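Supplied in structure tokens, the structure appears directly below.
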């Protein structure tokens, strides 16, 4: 056997060392975290009506994509020299990564309000462009798009909370929907419904932790608070959250609750068989009677939410979306023109909310955040047959006007569901008290999210 | 070997008329091996070593995927080691291990013994049946699991109801979610265990059994005294490999339960992913190194146990 000129172990060791040096010294230094941070930029200039160019816009796939596609057609007619590539994209999966990497970016995108605050450094500051519309835009929507006093999203839809109820069942139980002015009235109505039908569990309480937390935020927002303050500090330990959580506990203790996942089979079955008759939820619940319910179709109605204190606000926001323009977009000015058209110009918002091929009666799952688009006397969508012909527009825009402003949604909000969303479920299951929910969630959100933000 | 015999005198090397073939023949064996192995090391450095060093560097920073990365020393490690959720994720993985590995070894060995029997009818069909789940995409199987174990409309509860048993919250109760996921993991990977054990069984020489039979050993005695000791290396290999797989388990809880209810199926792998998803890359990197250490220690323990038995 011949002897190797250089021992194999030495070759390995040397190569490993060289590899490590090469890896550590060159590329590592160049690609090390923090070496290529991006600075947020301010978008100020509005291009002229004769602007030319091409933009790529991302939207959610599904019905809403088709609605926007039709509305973008109206934009193309107004600005014939701007070519819009409208793409259906899994925004939740792709947008954040694309913003961070800075490659293959769209010029604008649809996005949840809850996600904008966390990515502000990768977005254009739109404060100056939105200034002319600011006074007439929902204070709530402006607040959730604002980070450090600057606005990073073009406010689009406003999702007011409403009280959905089965008119026939309430009538049978002798409950007047107009009399449901406080949350105590709501509990009393639920008891009346159960007296009429012992199998009834009239109040819907959400089983999905994320939607459950969104629902809780709607009820807290109705009282003018939210999970985090303007500095991103947790403010769960408050009178307002205690009000909501104590009310939930009372409803659970009185066995008035159907605990089911939003519009999954068990929920639909309980809605159809009359077990559930009261659903405090966002305006987008209108989807259920219009698309999913069969027996209950035509029997559901919407009313303002009850107030937490007599004379208090009758609605809160549950979700919502806006439009963002990435700081590294190629044609940000043209993207702004499109979003300005869709959100603040009459032909634009009418094209979005008005009758379309997808929704012949108009888009009924939200209302515009821009005040002039929300006139009660100029409805953008028609009365809804699946709600017995009720004028949902008027109910929704009246409710939208009462939504108090909030604080910016912190970047860690979605992650807080692991604590608050889960603990809310434990409360509904009777495994935790309201104080436990507040103490445990506050402690864990502070340690795991706020301190490490 | 001395330097004198290898290195020609300076004067001789400097001479312009020095014989070239002799110098070439010395260089060739020196450079050639490096050239031949270089591609491997380049690829290894780029895709193995560099990510490893980069991840190690990350684990000492607070990098969120963008902006400045600040060096924070051992803070990510101390955070994780004092975190209830980190230990809970390891606890979940440990329970999963207990639910999976012993059952898989025992069941896999029984199936392998059965399949090793040449007299078994429909042997080919059984082999296909065992291996089919292993080659089926996990996400498809997970979707079947979600439908089958649905509380309200699932097949399993339907069968339970048909014999008078009540509904069980398979995927929504902290008690049942782990066993339900463990069952999915077993369905998916037991075919692999059977292949390994079958290979181990087939490597045992037949004359060992003949000799034992001549000595009057019963089939039961043969199994305990011959089969089991002779396939213990295969068993040890499976324990190591499946320990790695269980502690890194990600796709099953990600698709079926998303780690819930209340984090009861958040495994070590999924907890690590959650940090990455939240752009907390520093903590994610630290978590991965802690998992590596843990799995390395468990693997070392298995190998040591095997070695001590050999000795």
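Glycine too: its Cβ is placed from the backbone N, Cα and C atoms.
These figures come from a predicted structure and were not determined experimentally.
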Need the matching range: TrEMBL marks transmembrane segment on one of B:185-209, B:260-284, and I'd like to know which.
B:185-209
Near the transmembrane segment (B:285-306), which same-chain residues lie under 8 Å Cβ to Cβ, leaving out any that are not at least 6 residues past its ends?
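Long-range Cβ neighbours of the transmembrane segment (B:285-306): 55-56, 58-60, 76-77, 79-81, 86, 90, 232-233, 236, 239-240, 243-244, 247-248, 268-269, 271-272, 275.
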Short question: which residues 6 or more past the ends of the transmembrane segment (B:128-148) have a Cβ under 8 Å from it?
111, 115, 154-156, 171, 180, 184, 187-192, 194-195, 251-252, 255-256
Excluding the flanking five residues on each side, which residues at least 6 beyond the ends of the transmembrane segment (B:30-53) place their CB within less than 8 Å of a CB in that stretch?
none
